[in-house]
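Enquirer: Got a structure for you, questions after.
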Amino acid sequence: MAFLPSLASVVPSAVPGALPAETTSVGSPALNISIFVGFVLVTLVVIIKVASGKKSAGEFYTASGGFSGRQNGVAIAGDYLSAASFLGIAGAIALQGYDGFLYSIGFLVAWLVALLLVAELMRNTGRLTMADVLSYRLKQRPVRIATAVSVLAVSFFYLLAQMAGAGGLVSLLLGVSGDAAQNIVIAVVGIVMITYVLIGGMRGTTWVQIIKAVLLIAATAIMTVWVLGKYGFNLSGLFQGAIDKNPAVGEKLLEPGVKYGVNMTTKIDFISLSLALVLGTAGLPHVLQRFYTVPTSKQARKSVEWAIWLIGGFYLLTLVVGYGAGALVGAEEINAAPGKANSAAPLLAFELGGSTFLGIISGIAFATILAVVAGLTITASATFAHDIYKEVIKKGESTSDQEVKVARIAALVIGAVAILGGMFAKSQNIAFLVALAFAVAASANLPTILYSLFWKRFNTRGALWSIYGGLISTIGLIIFSPVVSGKAPLVEGGPSPSMITNPDIDFSWFPLDNPGLVTIPLAFFLGWLGTVTSSEYNAQKYAEMEVRSLTGHGVAKALDH
Amino acid sequence: MSNDARTRGDEDPYVAMQATDEFQELRRKFRGFVFPMTAFFLVWYFVYVLLSIFAPGFMGTKVFGNITIGLLFGLGQFVTTFAITFIYARWANRELDPLADKLGSRLDGVKEH
């Protein structure tokens with residue numbers, strides 16, 4: 001089982017075990033490891049420098065809103081451009097051409113939802129967690145519990161995908177293989193991440209994300225110029241190179257359909273995925289948490305502006321890097337490498353600049369995973385400590401010190417769960433987890449966020465029906481979809497590409513891999529239905545929320561807490 | 001908590017603010033910009049996705065060299081995303097912030113909660 005290449009194209013996949021001889025000779029593991037260790041040491045020094053002794057809850061979860069819009073925008077890019085973006089999209093473009101590009105566009109356009117509808121109003125009405133906004137004018141306890149459940153679910157799926165990806169990346173980049181070695185690396189990643197979070201809180205984590213974003217974008221820009229230079233800065237020539245090197249796909253690399261156009265199910269599946277991507281981003285809890293790290297809505301706007309420029313710029317570079325890998329490395333070699341599609345960018349780095357450049361790219365890929373998991377952990381622990389412990393268990397009667405203590409313990413537990421989950425999931429095909437996180441965010445979180453910010457009549461029953469309905473329907477449909485069981489084997493008698501690799505086990509009845517097309521409209525409908533069947537309405541609280549959301553009144557004061 | 005009979009001076013300050021023409025103007029301006037803009041980019045994005053899914057041949061038509069219509073449309077998504085970001089930020093800085101600051105500062109004496 002351990003030798004099965006996973007079909008993950010989005011998340012770096014785990015392929016423990018036998019590495020073909022020619023790939024183990026690519027690059028120098030010692031160099032890769034030392035660059036990674038160097039990154040960890042430098043960022044630790046930065047974290048210790050910026051960490052300021054005792055932390056209030058606001059400091060621990062949001063750095064007391066002390067970042068500028070520009071800093072936060074770079075950090076958002078660092079948080080968002082996960083290994084999936086860097087390795088996954090470049091690899092998808094290298095192998096499937098246009099469809100990989102198509103996929104990246106959804107990730108970018110999604111930011112307009114955050115810019116226009118969510119970021120500023122969230123910043124103005126919330127303080128510490130997403131539930132602050134959702135429970136503002138509704139019944140505190142039930143809405144906080146529901147929101148916390150949904151936030152923890154999204155964070156868990158996302159975290160698991162990243163941690164399992166770390167294991168896969170190891171065999172690819174460090175040349176270590178075998179179960180024990182991979183488990184050790186997952187544990188090391190987890191422990192470093194917990195250290196970042198405990199010492200640095202949100203302030204330290206944000207700086208890690210800023211450093212990582214700068215390194216990642218700079219390295220990708222260098223690769224882009226390098227590739228284009230080889231083709232005389234002629235994009236058309238680069239495409240020709242990719243076509244020539246991949247005769248099996250040929251000209252089809254330049255048009256959509258190689259991956260998503262196979263049949264009607266894959267086509268509808270992609271529409272479903274697009275919907276979840278474009279509406280999910282603005283409902284991802286670790287993204288929303290970042291809007292609290294700036295002092296005002298104007299800075300929140302500026303954060304998203306910067307994030308859009310950087311993320312958009314990055315995906316444009318990825319287009320060149322992806323086709324560059326297709327042209328200079330070739331699909332055959334990429335497919336033969338451990339990690340398959342995910343190895344496209346590292347192999348291109350080796351092709352361009354040898355072991356040293358590969359080492360730099362590998363180190364950055366690790367840094368990427370670290371920064372993303374640290375951001376997720378902060379958000380999940382803030383949700384647990386603030387929404388569950390303080391507001392629900394202690395009914396608001398706990399000090400900031402107690403709350404931070406609980407948040408730290410929560411971070412330790414979440415870190416431990418992530419490490420164990422990553423070890424367990426590393427040989428599983430868990431590519432669907434990132435898509436699942438987006439689908440849950442778009443179904444369970446976004447409808448309630450939009451309704452509470454924009455719909456006067458919205459009330460508690462609507463929120464609960466929408467959150468639980470969105471969450472349960474999304475997870476339920478995934479369980480009964482082909483990603484969990486029942487996909488036909490790629491080769492006769494081979495394993496199924498589903499999570500359950502035994503092709504004889506098949507309990508799927510929902511045809512799509514991505515449930516968003518059903519669950520997102522359903523959650524919006526349930527939010528409406530719950531609201532109109534309940535008479536609850538608090539005019540005074542609605543006025544307070546609306547006035548504050550648009551004028552920013554009370555934000556500065558809230559920061560003193 | 002029926003406060004219908006109360007005089008304006010006794011009202012909750014937020015309710016009072018919400019009822020002012022100026023606040024309604026701020027709300028109308030904001031929604032009047034972001035709702036149509038959201039509708040526009042969502043429609044344009046899904047037109048692009050649907051064309052890619054159902055008309056791959058058209059999207060694969062070469063315009064010059066190996067540059068296809070699909071690539072130009074895809075790059076068009078980047079252009080519109082950047083343009084909307086730029087236009088919204090400029091507009092909000094100019095039109096929204098002064099009004100929001102003015103109304104917000106009027107509530108400065110109000111205690112929270």
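The backbone N, Cα and C atoms fix where each Cβ goes, and this holds for glycine too.
Please treat TrEMBL annotations as automatic predictions, because they have not gone through curation.
The feature transmembrane segment is assigned by TrEMBL to A:30-52, A:73-95, A:101-122, A:143-160, A:211-229, A:270-288, A:308-329, A:357-385, A:406-424, A:430-451, A:463-484, A:516-535 (among others).
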Enquirer: At an 8 Å Cβ cut-off, counting only pairs 6 or more apart in sequence, do the transmembrane segment (A:357-385) and the transmembrane segment (A:308-329) clear the bar of 3 or more pairs?
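Expert: By the criterion, they do not touch.
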Enquirer: Determine which residues of the chain contact the transmembrane segment (A:270-288) at the Cβ level, with the cut-off under 8 Å and only residues 6 or more beyond its ends counted.
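Expert: Same-chain contacts beyond the flanks: 76, 79-80, 102-103, 106-107, 109-111, 113-114, 117-119, 122, 130, 151, 154-155, 158, 260, 375-376, 378-380, 383, 435, 437-446, 449, 512-518, 520.
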Enquirer: Sequence-remote contacts (6 or more beyond its ends) of the transmembrane segment (A:101-122), Cβ cut-off under 8 Å?
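Expert: Distant Cβ neighbours of the transmembrane segment (A:101-122) are 80, 85, 89, 92-93, 130, 133, 256, 260, 270, 273-274, 277-282, 287-288, 291-292, 297-298, 300-301, 303-305, 307-308, 311-312, 315, 318-319, 322, 446, 449-450, 453-454, 549-550.
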Enquirer: Residues of the same chain, at least six outside the transmembrane segment (A:30-52), with any C-beta under 8 angstroms of its C-beta?
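Expert: For the transmembrane segment (A:30-52), the nonlocal Cβ contacts are 59, 173-175, 192, 195-196, 199-201, 203-204, 207-208, 211, 215, 355-356, 358-360, 362-364, 366-367, 370.
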Enquirer: Which listed range (A:308-329, A:406-424, A:430-451, A:463-484, A:516-535) shows the maximal number of Cβ pairs under 8 Å with respect to the transmembrane segment (A:143-160)?
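Expert: Going through each listed stretch, the top one turns out to be A:430-451.
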Enquirer: In the same chain, which residue numbers or ranges, 6 or more beyond the ends of the transmembrane segment (A:516-535), come under 8 angstroms Cβ to Cβ?
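Expert: 268, 271-273, 275-276, 279-280, 438-439, 442-444, 446-448, 451, 455, 457-467, 469-470, 473-474, 477.
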